[in-house]
């Protein structure tokens, strides 16, 4: 029995180091290769020993797919390919290919050059890793080999994020990565067709959350920022370089312009320029409004937002600073936080999810005394606000995507166990779909029913539609046609088209049944009695008496004959084509009951 096996190496009942191993019809695919921001030891990387105990990883894995450039999805890639050892293809979209190495190098500098961490990848390893990348376009079907194919769908979330369909023959798995089902100020909503995979592997970060109105959240965010700078405080907004950063920059830029505010807004040095460059380069990945107005005005060229210099953090007076990274686990955002945390006038606004172990997660959990490096205790007096501008789907969005794709089963990753359990029950009860939520290292095995895909000719479909017999997804029905196999592909076509394509002449096949009648009259008289009887019974059918004495009802032919062994009885031969099988069977049953008594 064919089966699909799924083992999370990371992000199983957890958020961070996303890495899922999928085996489908003898092919092995690794989905994402992320890093956990809450750890500084070997636990930051997925446990690759689950992949295979014997031989090279390249011999076992057919390919690696990266959904987007966030480090919890791609951060372990150079470690995996260059230090663990993998030489096979790595698939990702063009924007991910462009941005991924920049973020990897930024993080490497923080981890190695500033913190002095060992057993970490080098700049050269990042370059060597990226040489193995094969970039894909949206909706492009890519043949990994003769049997395995992949296809990318738009995921929203961040520039270049994609959901991937992995297909081998008639079996398929869809992996969502991170996605957003609602459009925002710079990206569109995630979209996938009704692909009906055997399994949908979906993120579940906000498995129990139904978000409030986006407009209310934006108004609340602007109000809090404005109130803080009005009283002379500083606002720190930790963000990742691309994604929510651009969303909130557009929002503040518009507000500052409208209110004619002069308080400075800063963004981490260098990242605005890089972001601007990539949004220009990959403008087709943005939403419709930005694509339309891009020629007249680039929404990412900000008038009020300037590059940040480290010395600005000590400047007196109010300011707003966007600093990376978004979870306060390292880098410039953490440095600024340490400087500003002791002043109650200041505010830190966390606009996205923070994994356990990060400073961001600790302050959102209510901790106000933090043990930093060197056992130094930092007292947090500044105001802490969490405002979800996260580009992840909420519970409603996840249910919407499951309904859209119509999978046979669902598997939840990238979420917290308790929240996953709630969503699992919701999916099973409301959508009647089996749902799984394996922990890291746990394997889920799903049996699949072998099926053969059959293409249907346009002519046959048009004929069915003209008869008002279009099949429905929920109520399947039979289509009659001729099955043709060519180059291992099956097609259902009309019999006329099949004869034409195969160069064959039509031969009519008829079925004949003998019905015995007790009648001593001549054959012609018997046939006339049969005609009169059927004419009176079958008022909605075309019943004819032909010159040769035979009777027809539609395509059914009836002929009376005297059997040689008993001239006193007659045999009625009833013959029909397979199209009129129901009518032929009905007439046979009717005539077996006998003819009405003739008047004397």
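Cβ atoms are placed via backbone N, Cα and C, with glycine included.
Taken from Swiss-Prot, the feature Zn(2+) 1 binding site covers 68, 70, 157, 178, and the record attributes it to experimental evidence. Residues annotated as Zn(2+) 2 binding site in Swiss-Prot: 72, 73, 178, 414. If you look up Swiss-Prot, you'll see 462 marked as 1D-myo-inositol hexakisphosphate binding site. Swiss-Prot lists 381, 462, 475 with the feature SUMO cross-link. Positions annotated as motif 'Nuclear localization signal' by Swiss-Prot: 469-479.
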Next item on the list: In whole Å, note down how far the CA of residue 414 (Zn(2+) 2 binding site) lies from the CA of residue 68 (Zn(2+) 1 binding site).
Entry: 14
Checklist line | Integer Cα-Cα distance in angstrom, residue 414 (Zn(2+) 2 binding site) to residue 178 (Zn(2+) 1 binding site) | finding: 9
Checklist line | Length of the line joining the Cα atoms of residue 157 (Zn(2+) 1 binding site) and residue 73 (Zn(2+) 2 binding site), in Å | finding: 13
Note to self: A 10 Å Cβ contact count, applied to the binding-site residues 68, 70, 73, 157, 462: which residue has the minimum?
What the structure shows: 462
Next item on the list: Enumerate same-chain residues with a sequence separation of six or more from residue 381 (SUMO cross-link) and a Cβ-Cβ distance below 8 A; give 'none' if the list is empty.
Entry: 341, 342, 343, 344, 368
Check: Relative to the mean position of the Cβ atoms of 68, 70, 157, 178, the recorded Zn(2+) 1 site, which additional same-chain residues have Cβ within 8 Å?
Finding: 67, 69, 73, 155, 158, 161, 177, 179, 243, 391
Check: What's the CA to CA span in angstrom from residue 70 (Zn(2+) 1 binding site) over to residue 462 (1D-myo-inositol hexakisphosphate binding site)?
Finding: 47
Note to self: Suppose the Zn(2+) 2 site is 72, 73, 178, 414. Which further residues of the same chain have a Cβ inside 8 angstroms of that site's Cβ centroid?
What the structure shows: 11, 15, 16, 18, 32, 34, 67, 68, 70, 177, 203
Checklist line | Between residue 178 (Zn(2+) 1 binding site) and residue 73 (Zn(2+) 2 binding site), the C-alpha gap once rounded to whole angstrom | finding: 9
